[in-house]
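Following: one structure in structure tokens, then a few remarks.
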Protein chains: 4
Amino acid sequence: MRFAIFAALLGSAIPAPVFADEVSDYVTGEADELVSLYKHLHQNPELSGQEVETAARMAAELRDAGFDVTEGVGGTGVVGVIENGTGPVVMLRADMDGLPVTEETDLPYASTKTVTLENGSPAGVMHACGHDVHMTSWVGAARYLAANRDEWSGTLVMIAQPAEETGHGARAMLNDGLYERFPRPDHAVALHDSASMPAGTLGMASGYAMANVDSVDIIVKGSGGHGAYPHTTKDPIVLASRIVGALQTLVSRETDPQEAAVVTVGAFNAGTKHNIIPDTAHLQLTVRSYTDERREALLSGIQRVARGEAISAGIEEENWPEVTWDEIYTPALFNTEEQTSVLMSTFADRFGEDRVVALDPVMGGEDFARYHRADRDVESTLFWLGAVDRDVYEAAGGDGTGLPSLHSAKFAPDPLPTLTMGTEAMIGAALRLFAAD
Amino acid sequence: MRFAIFAALLGSAIPAPVFADEVSDYVTGEADELVSLYKHLHQNPELSGQEVETAARMAAELRDAGFDVTEGVGGTGVVGVIENGTGPVVMLRADMDGLPVTEETDLPYASTKTVTLENGSPAGVMHACGHDVHMTSWVGAARYLAANRDEWSGTLVMIAQPAEETGHGARAMLNDGLYERFPRPDHAVALHDSASMPAGTLGMASGYAMANVDSVDIIVKGSGGHGAYPHTTKDPIVLASRIVGALQTLVSRETDPQEAAVVTVGAFNAGTKHNIIPDTAHLQLTVRSYTDERREALLSGIQRVARGEAISAGIEEENWPEVTWDEIYTPALFNTEEQTSVLMSTFADRFGEDRVVALDPVMGGEDFARYHRADRDVESTLFWLGAVDRDVYEAAGGDGTGLPSLHSAKFAPDPLPTLTMGTEAMIGAALRLFAAD
Amino acid sequence: MRFAIFAALLGSAIPAPVFADEVSDYVTGEADELVSLYKHLHQNPELSGQEVETAARMAAELRDAGFDVTEGVGGTGVVGVIENGTGPVVMLRADMDGLPVTEETDLPYASTKTVTLENGSPAGVMHACGHDVHMTSWVGAARYLAANRDEWSGTLVMIAQPAEETGHGARAMLNDGLYERFPRPDHAVALHDSASMPAGTLGMASGYAMANVDSVDIIVKGSGGHGAYPHTTKDPIVLASRIVGALQTLVSRETDPQEAAVVTVGAFNAGTKHNIIPDTAHLQLTVRSYTDERREALLSGIQRVARGEAISAGIEEENWPEVTWDEIYTPALFNTEEQTSVLMSTFADRFGEDRVVALDPVMGGEDFARYHRADRDVESTLFWLGAVDRDVYEAAGGDGTGLPSLHSAKFAPDPLPTLTMGTEAMIGAALRLFAAD
Amino acid sequence: MRFAIFAALLGSAIPAPVFADEVSDYVTGEADELVSLYKHLHQNPELSGQEVETAARMAAELRDAGFDVTEGVGGTGVVGVIENGTGPVVMLRADMDGLPVTEETDLPYASTKTVTLENGSPAGVMHACGHDVHMTSWVGAARYLAANRDEWSGTLVMIAQPAEETGHGARAMLNDGLYERFPRPDHAVALHDSASMPAGTLGMASGYAMANVDSVDIIVKGSGGHGAYPHTTKDPIVLASRIVGALQTLVSRETDPQEAAVVTVGAFNAGTKHNIIPDTAHLQLTVRSYTDERREALLSGIQRVARGEAISAGIEEENWPEVTWDEIYTPALFNTEEQTSVLMSTFADRFGEDRVVALDPVMGGEDFARYHRADRDVESTLFWLGAVDRDVYEAAGGDGTGLPSLHSAKFAPDPLPTLTMGTEAMIGAALRLFAAD
């Protein structure tokens, strides 16, 4: 909605479309092939860090298209490079991992793959987050750009990243020298399919688009005993309950109302019997923020609240709550503003304003965020790609709700319109960014 | 009820009555005189620490009866002594002060006295706690015991104490040498009128009978500001509310369920405007307990809770809550068990078991407690004296509820039966304790 | 910051400047006169609803300039109209009321006016919110636009509104037929001085710019009694403290993290004595939101929380908390997006991008909001006008903090640069909006 | 301590000892036999409701001694009767069941028995609550009383009860006609070994001696969802935490400080993942009280709090928390005062005051309580029997702490002094009660 206004104002100022009917024709021509690749990937999902077959396929695709390919970057990561004269370095990224979800669609190409999890239990594997869509669009773009080097000038870096779901893949590729061993990108672009937008549409948010995602554990220590004699104990359940209550104020009182932040206690587990006060309570939190400052304020606030409530409850220092989190968290995704505006205009101009939506940020997370964080000079944009069958979308009310969400066992993108839009948008973004400098 | 059983068991074991019909006859003969004295005292109440006329009258009464009298002990306190051969030292105590209450009874002898309070406002003065009853019974006992020295052997110490209501009088008399300048008592006895027992009855609790009474103030410091920008403030109202919540656990979790304790926040005042977060909140608490250990646990618990919650809320150390209380508190009243049992048996034997009730302890306070605390060898008992007109008592339901309480502007003891019972019980207690050793 | 990017992109697309050097020259020429008018208004502030002299002066100014003037609209409101050919109807608004604040500046033209408040106490009166700045700029614009009718075509409506501070003035003028008796505006513009931006700058937020402001009172009813006997009472302080705690979740759990909302308890008053549990507690809240839906969710949430906690505490239905608010609240100010973008571009082009700032919304309130709410077809923008002396601004750190705020007794706009910018911006906004259609 | 005083007063009033050296001689003579029986029972424990071998042995013992025996009363319960002339009916009770505890003592006669629990897992079985002590003392008393009918007159009813640990046994025997099919007792007596008193001592509390024990479950229902979008959920963890907090006030504010009550949340389980808000939370409580009124107030208070907090949190009526408890709870044990005083005096006289202790009530539970509750005319007393080896007791500090508790795998009564005292006390109690009427 906001976009409509900007676009109206921008009006005549937008440069001539940088990608044209050739692209569209190409994508139309490749459509069957892309759908076929998609179905293959969909039926052969691999879990995070185990993307061996998938990575091999991505590498083969790049090699076939003419890229200079390196495998095994940050585990199973794949990097393909084409140097094509002077100009900016543009990096396009796909992620490769599936999820331990047993598919519940009735699709003829539904995944039937199963694995045994670390804890010994069996599970299905499914591309329930649509990374198969990402890869297929990315392969389509790689083929076109490799085949049409006269349309652009600069260096194209295609990366297929492992382990997005666990938040480790981008970090692993960066740590393995992505920006040192290969041309450092000026522009980085990724897409993510959307389970609440109809196929054939795109969307993006400028600035912070997705959140810092932290998982925090609090081990609240008391001193257990018989439930009939509370005075001989230090009750960790009452204490942990007070911590849950006090945590609310980190958002309600301590965060600027204009700033988004979430502190959710997703699990509270303590004790097993009515009449035995346990020794400990275990809280599991998810914490969301956009800026580093807010993230640090929330995390230190959680620590402070846990400690203060323990002091209030008379817990000795050696038993103050253990508050821990992993520094390998998923950082907030920042869509750099200038590049994002350029892509927004480009897409609106190419696909029509009614198919391109300016979105609010969401509080989910994506480790594509790390490519910009690793080097703030890398402009970056992740945009959303509508994936929902139009009829399904309308039947559910037409507002994006009431549909199977990402990670759902019933998530089922509509392949043709999703993949053609995804591929064309990826190609278009790259062409526009090569042209921009 | 419990007493009935003990008495039944005790049966024949109770020694022969130590006070007899002479006492009863005497009291009956003096009844008009006692009622007259009572009405005089009732019409001339004086506030705590200002008992000048009252003390003079008490001193005159003792002197007339033949006591060796000292005035001005601990302010307006009066001490009278009769040494009468070998035997124990028995101390009988009355308290003298009235209250700043404007009497609302229709009694012909209602107090019409007024004073100007320290804060400049006018107030009535009334013996709304019945200290006039205490003094009259005490005078009656003094007269009898002085006149009938052949019935007892030992030393009798009569004290008229100032400032019971403020909790300062007993302390002041002790600090002024009550146990050094005068014979140190082996036994100390006082009575207190009851606004929920019918005239003609007595009651007592053994062991802890009344509570430690502490007034605690908590100044909760935050950092104020505009209500629309909570993140620029440290909200003392949310913090103080959390303190109120956490204080509940001092009783619910930290005190033995078998042990009585109260932590009440009687006042919570912070802020004056909807949209301004204030800098501070002020909590006023009353704290009740019986033992020194529990008192200390509650007070230090309050301090700990206030501090812990402030830490939880991110308050810096220099702004941690100020938690204060007065060490001149009213300590718990302990009726020493052996003496109290002896008096209970004595009264039951003399007045009949149906007029003598074993009571549970209450959480009110009385500074008579200090006489035993100052020297644990002083056995002590404070017993309750029913003061309610029988018809009024029955009309209100006969269970002691629905009646004007102590400190009420409508409290109106039934003089004759109250005073005769009070006087006879005081005489009887003294005679029994002189005989005990 | 965001604006800088948009402006960069917009670049050549911005239409030719619609107001030019003539305006600037005029304002420079009128500067002394405007400062003089400002000082006069500053020294003669009148409280909300009592703007008699001020309104008379505004009416006289409009009449002198050639407007068709109506007085007494919605109390002391003034409306001036010039019909000048075909074209849009543009409404410029100033507000007239001062505040009961005793000025503490050392300015030679400081207000020395005093009044007696309704409660009988004396108070100073001061234009502590800068409505004198608003009126002066508005008069300057009225004069120019009336004198230069060749530069624009359409209908100009100038309104001087009473009682902004109490939230009643805009409503009163609308209720008195502002949109029926006078030409209904297509565009409405107002400015507000800023106590945190340097003189010579402008700022604005698009969309929701200021908040719904509600004052809510909660009377929490319990049943008082002696602090030593909590079980005979229903403690309203513990209950109200729980309500304060539960209210936090209206923001922390029930509001979309992306949406701004505030629920502040600014006052909590209950009880006066340590040992008496009171009958009631009184909470005073300020509640801020942007949308109607959020406002209603918060208000009904407050009601629901108060009731639920009372039920939890065992309060009978007849004593459930009384939760009240005034439906004459200050609604959220919505700067309609297209007009606001147009004005932003216009100002940036005219004054330079470094003097025009895209601002985030704030949670304060302004009843200018009502003009758009009364008719959603009225596009409207309220923009901020920097008023702080440049040297003072820099000395305070240059980030807009550490300065006397609006409503402060020390608020002192720097007249010359503030008034010239304010006047020029008002003229420019009108010219641009007349030209837009 | 309290007892010492009563005893001193009672002094000469106590009737001549009703049991004498014959009893003591008998017990000494039987000691080896009793210890042998004890070891047999200790090595052959059976779980609640499965006391087949044990019941057979008890029945055989009674039959051998000359009782008229009925088996299978209320499951495996055994009843033996001797009618011996006119006089009161005295009932002595033992309980027979062991616990699913794997013994960890090093005793040569430690239990090595194992069973498979209902859930399929293996477990040891142990008389970890000392019911073997109870049975042995009871058998010793049965033998003596049957053999010495000249020493008493009346009817003796000996019952061996199943399933005390699960709270079902007493109820089952009563429901199976204990008071209809057999002589209804005037007096009922049981003993319970104490893991904190030295062997050779006895103790008892008058009036309420053990508590009502209720287990309450609360299923708190919310509406789960993604942790990053709390506004799309109704968070049951925050709600359940608030319930835990509010429950504290049932004790701290709603219960008379003089009255013992406990509300403990022993388990709080909700959710399994950091970032998923669950649908429900499960609280498990133990609730302790003495009177029926307090029990009902606490249970209905829990229901009220759960509901009120749910309303506060915006939960619809159909999802209000499910609060459940079992009406087959263990009711409070009431030691009727007159009989208990009589037994206390009797024991003090026989064993010496230093071996008989007046105890405070405890908040544990025992279904012996049901015999008095089923008919308030049945006077009843359960007394404690010290079972700790003297040297072990002293080594642990001599205050009864630091020792393996009842139900501990390391609980190890000192057989000889425990069993001789237990047997002699049971015989003495019966003789005294036969003599009393």
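Note that Cβ sites are derived from N, Cα and C of the backbone, with glycine treated the same way.
TrEMBL: automatically predicted annotations, no manual curation.
Among the features that TrEMBL reports, Mn(2+) binding site is placed at C:Cys129, C:His131, C:Glu165, C:His192, C:His407. The annotation domain 'Peptidase M20 dimerisation' is assigned in TrEMBL to C:212-309. Per TrEMBL, signal peptide is recorded for C:1-20.
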Where C:His131 (Mn(2+) binding site) sits in the secondary structure, as DSSP reduces it to three classes: helix
Binding-site residues compared (C:Cys129, C:Glu165, C:His192, C:His407) - the one with the fewest other Cβ atoms within 10 Å: C:His407
Local confidence of the domain 'Peptidase M20 dimerisation' (C:212-309) - pLDDT mean: 94
Set of same-chain residues at least 6 away whose C-beta sits under 8 angstroms from C:His131 (Mn(2+) binding site): C:Ala94, C:Asp95, C:Met96, C:Asp97, C:Gly98, C:Glu164
Three-state secondary structure, which DSSP defines for C:Glu165 (Mn(2+) binding site): coil
DSSP-derived structure type at C:His192 (Mn(2+) binding site), helix or strand or else coil: strand
Residues flanking the Mn(2+) site, with Cβ no more than 8 Å from the Cβ centroid of C:Cys129, C:His131, C:Glu165, C:His192, C:His407 and excluding those residues themselves: C:Asp95, C:Asp97, C:Leu99, C:His127, C:Ala128, C:Gly130, C:Glu164, C:Leu406
Counts of helix, strand and coil residues, the domain 'Peptidase M20 dimerisation' (C:212-309), according to DSSP: 38 helix, 35 strand, 25 coil
Local backbone state of C:His407 (Mn(2+) binding site), from DSSP in three classes: coil
